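Listed features, source Swiss-Prot:
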type	residues	note
DOMAIN	7-84	domain 'Carrier'
MOD_RES	SER45	O-(pantetheine 4'-phosphoryl)serine
BINDING	GLY354, TYR355, SER426, HIS454, THR482	pyridoxal 5'-phosphate binding site
BINDING	HIS379	substrate binding site
MOD_RES	LYS485	N6-(pyridoxal phosphate)lysine
TRANSMEM	512-532	transmembrane segment
Amino acid sequence: MNDVTTETYETLKQSVLHTFAQLTGYNVSELSLTSHLENDLGVDSIALAEIAVSLSRQFQLNTPLLIQDINTIKDALDGILQREFQLSEKVEPAAIALSGDADLWLGNLVRQIFASHSGYDVNALALDAEIESDLGIDSVSVASAQGELFNTLQLNSETIIANCNTLSALKQCLAARLVQEKGQDWFEQRGRGQSDSAIDHDADTTAEVTPPTATPVAINAEIGDPRTMRDFVGIEHPDIFHKAREFHLFYQDKKKRQLYFYGMPLETPCKNRAVMFDEATGQHREFLMFGSNSYLGLSNHPEIIHAIQDAASLYGATNTGCRIIAGSNVLHLELERKLAKLKGRDDCIVYPSGYSANLGCISALTSRHDLVFTDAINHMSIQDGCKLAGAQRKIYNHSLTSLEKSLAKYADHPGGKLIVTDGVFSMHGDIVDLPRLMKLAERYGARVLVDDAHSTGVLGKTGAGTSEHFNMKGQVDLELGTMSKALSGLGGYVCGDGDVVEYLRFYSNSYVFAATIPAPVAAGVIASIDVMLREPERLAKLWDNIYYFRTRLLNAGFDLENSDSAIIPIVVGDDAKTLFFGRAVRARGMFCQTVVFPGVSVGDARLRISITSEHTREDLDEAYAILVASALEVGVPVNASAHQEENASVAEA
C-alpha cells in the first residue's frame, strides 16, 4: 500500500471536515470521521449530493464522488485519497518520527507566533486546545500566523495549511512539510539548538528572507481575477502596503467588469426609490432602493428633520468633546432616558456608534479571566469587542444546541461568563430564540448581551426590539443597539441596570475617550422614537411588506434561509455567481447589497434585501420580477412557476 504523509492526510482531512461543516451547519469539532451521515448526523441524500459535488470540484477529481459510496465522512476522505493518489485500498496517515527536542522546538515556535497574533500569553496556549472554539482565534489571525511561520521557517510552499483544529495538528503538518523540503537532519539540528537566522527572532532577516511572490492566476474572460477578498488578508511581505497594491489591482478589475459597486453615492434622499451615481456606467440613475436600513421610513420624516434643524440652531453643530468632560448636552440625557424607557431598563449610555458600543461594553465588563460565548455569525463589532477585552472567546455554531454544549463544557469555569448574540442576525435575517437562550444563561450562570441593531423599530408590538417580541421586556441583562437604522440617526447605546451603566461611563474606553454624537443628531433620534410610538401604522406596514415579499420569493424557490425580519437574504453560495446576480439586478434598476467575504464566509455569498415601510406593492412586484429575471439570466435556481411568469411577462412586453 502507498504511504500518505501526515501533512497530506491531515490537510485533506481538515478540508473535508470543513466542507462537511459548512454544508451541514455543524461545527468541525462536532464531526467525527466515523459518524454515520444519515443515522448520526441527519444528513439526507439531497445534502449529501451537494457535498459530493462540492468535494469533487474542490479537489478537481477526474472521477466524481458517488453518494452511494459515502456513509461516513471517512468514506468521502478515502474516496478523495484513492482518486488523488490512485490508491487501491483505504489509507491511514504515515507518522513522522521526531526526537523530543525537535518536536519541542517546533511546538514552542508555533505557540510563540500564535501568541503574537492572538494577544495570548504564550504560556496560556495549550497545543491540544481547539484553535477556534477553545481559544477563539479567528481564521484571519490563523492565516496571518501561518504566513509568519512559513516565512520564519523559509518554507517554499505558499499554500495555507487548511483548517487544523489544534496547534498540535498544525505542528504535525509543519513538521511533515519541513522534513519534505529540508530533510530530517535539518529538523533535528533545530531541536538541538543549532538554529540559523531564519528562526532567530532577534535577528534582522529582512535581507535573507525572500518574500512570497504572487502566484500567477489564469484570468477568466468573465470573472477576471479569480481571487476573493479573503486572499488579501494577512499577506506576508516586507512592505505592509503590498497587500493594498495587490487589492487595488483586484478591485479595479472587479469594478471594470461591473461586479463590485460598493460606495455608490446617493444624489437624492434615500426613500423607496433614489437617484444614485452609477460609477460603473457613469450614469445618474433612479433605482428601486432595497439597500436602506431606514425600516420605518423615518429618515425623511419632516418632524425629525425639523427637530435636527432646530437643535442645530439652538446648540450648534457639535459639542467637540467627550461626554465626561464637556461633551454632554441636555439632549443626550433626554435621549438616554427615552431609550431606557423604550427598552424597559433602569438606565442607558449613548456611544458614538453601534460599533463602539459593542467594543466599549464588552471590553469594560470582561477580562482575561472571563469567558465570552459568541455566535459564529454575530456582527463583527461583537467579535472585535471580545478580542479587545482579552477574554477567552468561545465561538459557538449558529445554533443554541452548540451554545449549550459549550456552556456545559465550561460549566465549572471560575471566572465570569457572558453570552453575546445578535437579536436579528444582520446578514441572515433570522431571530435569536431568546427564551431558550435566557434559560441556558440562567442554568449556567451567565450574563446576556443582545445586540438589537436590526431589531429596534422592527420587532415587538411597539418596535422596542427582541425582548418585547418575546414578551421578555426588561429581562435581558444588557440590550445594545444602534440609532443609525430604524431610528434614522447616528450612535449606539447600551441599556441595563443603573449601576452597570454607571460603571460603563467610567470604564468603557470608547465612551470615555471619544467625542459624542452631536446634539442635533440626538434631537433627531428623540423625535424618531416619538414618531415611531405615535404612528404604529408604520410598523404594521413594514410587516405587511415583509410577509408579502418573503412569500413571493419563497414561492419562486429562492433560498431565504430562516429569515423572519426586514432583512431577507437570497443565498447563492458561489462568489462569482453572486457577483453576476448582483450585476444583473443592478442593471435592471434595483439596488440591494451583494454580500461576499468578509460580510459572510467564502462560499456563503448572497444578495441582502432590506424591506422598509416606504415600499409600495408596486415596488415589491417590480423587485420580484427583477430578481426572477436576473436569476434566470445567471443560473440561480428558481422554480418552474417563476420561470413561466417571467416568460409571460417577456411575451407581453
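Every residue gets a Cβ built from N, Cα and C, even glycine.
When the recorded positions TYR355, SER426, HIS454, THR482, LYS485 are screened for a Cα within 10 A of the Cα of the residue listed as 'substrate binding site', the ones that qualify are TYR355, SER426. Every protein chain shown contributes to the tally, and the Cβ of HIS379 (substrate binding site) ends up with 23 other Cβ atoms within 10 Å.
Here the C-alpha separation of GLY354 (pyridoxal 5'-phosphate binding site) and the residue listed as 'N6-(pyridoxal phosphate)lysine' works out to 10 Å. Looking only at the binding-site residues SER426, THR482, the densest Cβ neighbourhood within 10 Å occurs at THR482. Within 8 Å of the Cβ centroid of the pyridoxal 5'-phosphate site, not counting the listed residues GLY354, TYR355, SER426, HIS454, THR482, the chain contributes HIS379, SER381, ASP451, ALA453, GLY481, SER484, LYS485, GLY492. Around TYR355 (pyridoxal 5'-phosphate binding site), a 10 Å sphere centred on its CB holds 20 further CB atoms from the protein chains shown.
The two recorded residues, HIS454 (pyridoxal 5'-phosphate binding site) and LYS485 (N6-(pyridoxal phosphate)lysine), show a Cα separation of 7 Å. Ranked by Cβ neighbours within 10 A across all protein chains shown, the recorded positions HIS454, LYS485 are led by HIS454. You'll find the Cα of SER426 (pyridoxal 5'-phosphate binding site) roughly 12 Å from the Cα of LYS485 (N6-(pyridoxal phosphate)lysine).
A 10 Å cutoff on Cβ-Cβ distances gives GLY354 (pyridoxal 5'-phosphate binding site) a total of 23 other Cβ atoms nearby, all chains included.
Annotation note: THR482 (pyridoxal 5'-phosphate binding site) sits in a strand segment as assigned by DSSP.
Spacing of TYR355 (pyridoxal 5'-phosphate binding site) relative to the residue listed as 'N6-(pyridoxal phosphate)lysine' is 13 Å (Cα to Cα, whole number). Of all residue pairs in the pyridoxal 5'-phosphate-binding list (GLY354, TYR355, SER426, HIS454, THR482), the one with the greatest Cα separation is 13 Å apart. DSSP assigns SER426 (pyridoxal 5'-phosphate binding site) to coil in the three-state reduction, outside any helix or strand.
Secondary structure of the domain 'Carrier' (7-84), assigned with DSSP and counted as helix (H, G, I), strand (E, B) and coil, comes to 50 helix, 2 strand, 26 coil.
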